[in-house]
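What Swiss-Prot says about this protein:
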- 1-30: region 'Disordered' (REGION)
- 18-30: compositional bias 'Low complexity' (COMPBIAS)
- 61, 62, 63, 64, 65, 110, 111, 141, 164, 202, 334, 358: NAD(+) binding site (BINDING)
- 143: active site, N6-AMP-lysine intermediate (ACT_SITE)
- 644-733: domain 'BRCT' (DOMAIN)
- 720-808: region 'Disordered' (REGION)
- 727-742: compositional bias 'Acidic residues' (COMPBIAS)
- 746-773: compositional bias 'Low complexity' (COMPBIAS)
- 779-792: compositional bias 'Basic and acidic residues' (COMPBIAS)
């Protein structure tokens, strides 16, 4: 099946035979050999384009290989003839030491999402309010589920490839992308080409090629990829380009970034204009030009003249999504008129002229075989459904979080039930409901939540008003393991290069039983581990030293994992207490005088410092020199200065709860602070505004009882952008009450394969202190198993009601 509109590039002239008897020892390549190399490059690039982009090969593989080997031989004899656009770069003979980053010239924005027809209508209305005369024709294409990437061309030659990264800067993956067969190394077609062209798109793998890739890995005894997206991402981010070259990757272009045109056009007229709109009027024209330049483009893309046609396209594509060669999770609709795009501009995170219309979640039916219990770093016991493996939207799902006991009771889930499973937002596995009519006539027993921790067998406790049961033993092996992982994480001390798997390995081997042990590790101890080389061991020790000497008080407070104390509360505490001695001596009454600390948080802080084991840990940290005495520097943490400025949330005290779909919790808090808000850590009468995501839990109940105003996530974003008017009255727009979401969330498909020195995944055993069938905490790679190809369920028409956002 062709993956782009059929275009017919003019084939290069046939390659002539070389002259016999040429002296290969000359330093300078003879002119006729240089001409031959150029002809070979043109011929190979032409046939690669016909094969990989147009699916219309003109020569056999053997003929192509003969031309390719001939060019390799010429370049080996005369290296000066190897040009940047030579097809021989695609063999991937380069290894880079590490992936460096580079800033994008123009930011790569995210897209806002629409999950219902009403949200699509709301997007249109917001757009027309901002620009009443904007045309409403849209360019629509499938939302490819791959790795977003930017490829850069200077004077028609490919020079740089960057991952999307955080939108501001991305990782440089130029060497790997040179091996992607359908990516033009030199722009095709007649000029003039842009002097600089930034092309944006997705790196994808077809489902058929993904199945073949996993079959080969299975035969070789290698770990299987979870899904095509993870395979694509892991392949592009390889340090060894020869690995990338062996993967069936394709780059599909969906737009452009910066475009700089030559100073003069082909007819000699001066042209100082820059940007795509200097030569193209519509996005459709941009896509046609990219196809002419030699790029593959998303299949089934089209122009829709009205918003109603967009919805018809969305519903049609949803019904046919299983017929497409690639995984997709929705439709991207972009205003087709480029001048209207420029007039509408961007919000802080997304264009105002484009949106992603997401498909409803895939669903499937399977059996609930067991309910296992995970123990997290604060002792939370999280039930996890162990399922008979089932294909859901192209991924085999065998586990899904059940959040807490109340959710099990509310859904009446029982071991042995046939259940409906979905991937919310096509990503997060979720058990939707049991099929009660399929239970045996004799019935099934209700699930009994354990009365003791399955790891250390300490009695568990559930506090009034909370949804979670907790192990209260701070020495529980599972709690210790997860606490150390949190200690080194980005939310803790952010110890660079020391990831979750290394911590698990250190704990499992008994080398680390406390965060303080990390700072006593020496090179000899580290070198005893497989795949730990001298340089990596030195990097680890240097990272621990940097954390020990450079940690700020607020980071250490957060790293300690005090219950209810997150990043913002840690900043508040660090700004008011000189060191941990002063904080530990503070009485509850003193703590409650601080801006975001109520009785519950104050009691938790007091309980932490009263615990004998915690006091022993603090003394050990003091002994290794990890004892910051300075408050967080305002210039180093500007986001921590709450309540300042004149933004839309100026002076308001805000709290977030539930699972946010478009932002991380940290990003949401930073944006709220930038808008003038003060972030609180718990619900109290001091709170002005509660922002709720999915499964907001008991915080919503408390806020409702206290008459605190509530906003949905999208309403919060609208308010930040000046689109939402005033903060709504009490409870307006709040979703239905749900139990407190536990700290262990539903897991997503396995992360891309490890790129640098890192150990293989560590399985739980007796040495880890984790009971059989029980995890010492969430391993996001475990929730979704290996991918199998499956035909997806036809997507129904988008519902006409205002649904809560699914997790992405």
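Please read every residue number as a count from 1 along the shown chain.
Glycine residues also receive a Cβ, built from the backbone N, Cα and C atoms like all the rest.
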Cα-Cα distance linking residue 143 (active site, N6-AMP-lysine intermediate) and residue 63 (NAD(+) binding site), given in Å to the nearest integer: 36
Three-class DSSP secondary structure - residue 65 (NAD(+) binding site): helix
Cα distance (Å, whole number) from residue 143 (active site, N6-AMP-lysine intermediate) to residue 65 (NAD(+) binding site): 35
Distance [Cα-Cα, Å, rounded] between residue 334 (NAD(+) binding site) and residue 143 (active site, N6-AMP-lysine intermediate): 12
Integer Cα-Cα distance in angstrom, residue 164 (NAD(+) binding site) to residue 143 (active site, N6-AMP-lysine intermediate): 16
Integer Cα-Cα distance in angstrom, residue 143 (active site, N6-AMP-lysine intermediate) to residue 111 (NAD(+) binding site): 11
CB contacts for residue 334 (NAD(+) binding site) [other CB atoms within 10 A, all chains]: 23
Tally of residues which DSSP labels helix, strand or coil - the domain 'BRCT' (644-733): 26 helix, 17 strand, 47 coil
Cβ neighbours within the same chain of residue 111 (NAD(+) binding site) - under 8 Å, at least six residues apart: 332, 350, 351, 354, 355, 356
Mean predicted confidence [pLDDT] for the domain 'BRCT' (644-733): 75
Residue 63 (NAD(+) binding site) CB neighbourhood, other CB atoms within 10 A: 12
Three-state secondary structure, residue 111 (NAD(+) binding site) (per DSSP): coil
For residue 334 (NAD(+) binding site), the three-state class that DSSP assigns: strand
Recorded positions: 143, 164 - member with fewest neighbouring CB atoms within 10 Å: 164
